[in-house]
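J.: Copied straight from TrEMBL:
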type: TRANSMEM; residues: 12-31; note: transmembrane segment
type: TRANSMEM; residues: 51-69; note: transmembrane segment
type: DOMAIN; residues: 140-260; note: domain 'Palmitoyltransferase DHHC'
type: TRANSMEM; residues: 190-209; note: transmembrane segment
type: TRANSMEM; residues: 221-242; note: transmembrane segment
Amino acid sequence: MVSARRADTRWVTRLIPVFLAGCVGLVTYVIVKRICLDYLSASENRPGTAISLLVLYLVFFALMLLCYFRTFFVIQFNPGVTPLGPKAIEQERNGKGKRRRERDLEASVRYEARPDDNPDSPGLEAFYSKDVFVCDTDGRPRWCSSCCNWKIDRAHHCSELERCVKKMDHYCPWVGGIVAETSFKFFVQFTFYATLYYIVVIVTAVIYIESNARNEASIDGFAVAVLAISALFGLFTFTMTATSVRYILVNFTTVDYVKSKTLVHQLAIRVPRGTPSCQDYPVITYPLPKPVPGQAAASESSCSRDQLATRSFAIVKTEMGENPWDLGFYRNWISVMGDNIIDWLLPFTLSPCVSYESNESFYEMGPLVQRLRARFHLPELSDELQKSEMGEREAEVIHGV
């Protein structure tokens, strides 16, 4: 379980769900007992209206609660954080991670580390075994100086958690923590059903108030309070639902959208071995060479083996605002919500993007990658080249090289 580092953030995150539970409890009491049972059914003798409103209320109430608890549970136990690097783990064990529990340290102490210059840096192979990955200017993956580790595509460092998070969207104390890759789908489902829930509450409260006004009877203050609360929360959840659906359709997160107008992505795109650097793009070859001063050249067989195991990447930049992960509206939608209507409506399975595995990239790339190949005139990887390199790698494993 990963919690916020700052004490005030932790307390807010713990208290807001309690406040929400109190609001929903008040709304349930007023709608079910005071309006539907006591007023519509008993006083007004309108059991049909009361039953219809009760059924709608309870259905959306149950779905809202189901999605909320699913979101809350995933955020607590599977928030989608990336692993800490060895140096960060060591510093945590040595006690420097106590800042998460000590108020004075939380506000002032952060450890930072320079990018790991070791060519055999842990985790680096996970990047150059792909065909495309997001990189820095030097062609290496992005580095997080706080987590002391390489950042996979679309991961961002969360200041509240002091951890890098996959497809981070935003920190939301209303649902108990960070909304990201593993929880975004459930969060959208929760806000959707919450919107429908508050619409039912508003309609029920308006029916009650309008009926009392017509009969020139006094209006229950509880009903007015519930109407005000529901209008406020209903507007909020509707806005969140509409915004989140929009982001899903274009394959954005909130973090992506904030930077979308000015952000330029830098990608390392695999090219055939031996492709030289040119004026349009530099080329980097992995594994990176090991600088060992004074050491004699490796044996001929070793050099030959190392050459066969190398991979070359051209370092290119997108135009401002281009999104490498835009697959088109429908494919963007199913990458988050799933490929059938049951997945869209019920919070049972994680988003397909969570379990996406491919030799091409960490997340499925859209047609922009091919456009970049054409734009920069990158040589294509032929099927024969890919097969030969795969065969060479398999042979090395078999012979224990």
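The backbone N, Cα and C atoms fix where each Cβ goes, glycine too.
No curator has checked TrEMBL annotations; they are predicted automatically.
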J.: Which one, 12-31, 51-69, 221-242, has the most C-beta pairs under 8 Å toward the transmembrane segment (190-209)?
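T.: Looking only at 12-31, 51-69, 221-242, the most contacts with the transmembrane segment (190-209) come from 221-242.
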J.: Which sequence-distant residues neighbour the transmembrane segment (221-242)? Criterion: at least 6 residues beyond either end, Cβ under 8 Å.
T.: 23, 26-27, 29-31, 34-35, 188, 191-192, 194-195, 198-199, 201-202, 205-206, 208-209
J.: DSSP on the domain 'Palmitoyltransferase DHHC' (140-260): how many residues come out helix, how many strand, how many coil?
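T.: Going through the domain 'Palmitoyltransferase DHHC' (140-260) residue by residue, I get 70 helix, 21 strand, 30 coil.
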